[in-house]
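Data block below; observations after.
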Amino acid sequence: MDKIVVLDFGSQYSHLICRRIRELNVYCELVPYNTPIKKIKDLEPKGIIFSGGPASVYSKNSPKPDKEIFELGVPILGICYGHQIIIDHFDGKIKRVPNREYGNALLTITNKTNLFKNIDADGLKCWMSHSDAAEIIPRGFEVLGKTSSSFSAAIGNSVKKIFGLQFHPEVAHTEKGDKVLFNFANVISEAKPEWSMSNFIETSINDIKMKVKNERVLCAVSGGIDSTTCAILIHRAIKDNLTCVFVDNGLLRENEREVVVDIFKEKLRIPLIIIDARERFLKNLEGLTDPEQKRKKVGEEFARVFTEFAENEGPFQWLAQGTLYPDVIESGVSGGPATVIKTHHNVGGLPDWLHLKILEPLRYLYKDEVRKVAKIMGIPHDLLTRHPFPGPGLAVRIVGETTREKINVVRKASKIVEDVLVEDNLYLKVWQAFAIVGDDKAVGILGDERIFGHIVSIRVVESVDAMTADWVRLPYSTLEKISSKITNEIENVTWITYAISSKPPSTIEPQ
């Protein structure tokens, strides 16, 4: 299958480039900027994209790709920092500009090469985010577009098929950015649009068969869309050699255990084993306040539970998980220069002593792609539309120590948030909605008495892939209903706040 490879130089938008290319039905993979040239050759990309990044090309130790990449004869598109890498490599000159350019700019296309095929020449809104710019463009390159602040916002060498854009075509703020990426991937790189979820399902099932053979797989399921889709894929491939296990860790949503049993046993007809590990998980979280420690501890305890089960009920050779591409990226294990944002329990939380091989058939999918796979495979509609739930559960919706009292508050409050959104026909219009509780408390009045109770924060966001998100502007009537129900129905809650930060700079979950 034809593919485009994105070299990750640390941009917050690197993953977005991948998603935009995949939306064109062309497979795209994100790899570290310093990937050895042999591995890049082995990937056989039809085109290569250099992402943006926070560095300056003239700085010491700034990230640079292997120079041989320019000799592969493969089309290259540099975006922002990637654009500057191209200029620097071909002996142009980059300098710090006195006026940084952030936000919208108007691009005038001065040379309509294939990169701007079927795109109007004047007044194209584009998104800039840079403090360096080209002073001299390299010989053999020509200016393709300019803005009021950048005489070389787009450059290209049509013979070498190497192009650079100072702006970000991958973000929604750039007008017709999808057409620019289409022109690079489909027209210039001639990548065939062969990437589809139907093809993924067929390929994935075959890959699982070849990888697992006659060995046995232990699959950790949570009842969420990721692990359920993972389980169905593996079940289609190896049937009875799959054993699905649901661990009740005491950090679940209201009635989660009953919902999962119904989904697997009644709707999907896949056997399911329940392990009650509530006490051991809560015991291991006692005294922990650091979010990374909590995530690690949850991951380690999951690993212990499954290892013990495998030893007692095995032999098993594989542990399957519903790990997604954003999990891999956020955990910093993609190898790029981006820092670790969070350790995901099913990526970075597994210890060295785990004696099972890891099977992650969804590892390179984004959330919206998983939903497409699930729909094709006939997963029930009510599961398809459930909001995502973090692997470490309510532990990451509790700031500070994870106590039984806080678990009770955040569980009941989150259920109220979801129920009110369902009542107001808003549940299906948002990505996630839940409550958060921490150590802060505030004074309230109950009857004629002064009480000192919990502050509960409400978080409701809209997103497509969980990599970026925006807070939802809920109607005041909905917020009022949520606030009233929580303070009236949950003991020792006095104040309700609403989280109005987007991702970035915030993350969706507080911990």
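Every residue, even glycine, has its Cβ placed from backbone N, Cα and C.
TrEMBL annotations: computationally assigned, not manually curated.
Record features, source TrEMBL:
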| type | residues | note |
| --- | --- | --- |
| ACT_SITE | C80 | active site, nucleophile |
| ACT_SITE | H168 | active site |
| ACT_SITE | E170 | active site |
| DOMAIN | 195-386 | domain 'GMPS ATP-PPase' |
| BINDING | S222, G223, G224, I225, D226, S227, T228 | ATP binding site |
CB neighbours within 10 A of S222 (ATP binding site), counting all protein chains shown, number 22
What other residues of the same chain, not counting S222, G223, G224, I225, D226, S227, T228, have a CB atom within 8 A of the CB centroid of the ATP site? V221, T229, C230, G322, L383, F389
Using DSSP and three states only, what is E170 (active site)? coil
Whole-number Å value for how far C80 (active site, nucleophile) lies from G223 (ATP binding site) (Cα to Cα): 41
Return the residues near D226 (ATP binding site) by Cβ distance under 8 Å, restricted to its own chain and a separation of at least 6 in sequence. G322, T323, L324, L362, K367, V370, P388
Between the Cα atoms of S222 (ATP binding site) and H168 (active site), find the distance and write it as a whole number of Å. 37
Long-range Cβ environment of T228 (ATP binding site), under 8 Å and at least 6 residues apart: V221, I263, F264, L268, G322, A374, I379, L383
Sequence-ordered list of residues in the chain of S227 (ATP binding site) that lie 6 or more positions away and have a Cβ within less than 8 Å of its Cβ, or none, is C219, A220, V221, Q321, G322
C80 (active site, nucleophile): which of the recorded positions H168, E170, G224, I225 have a C-alpha within 10 angstroms of it? H168
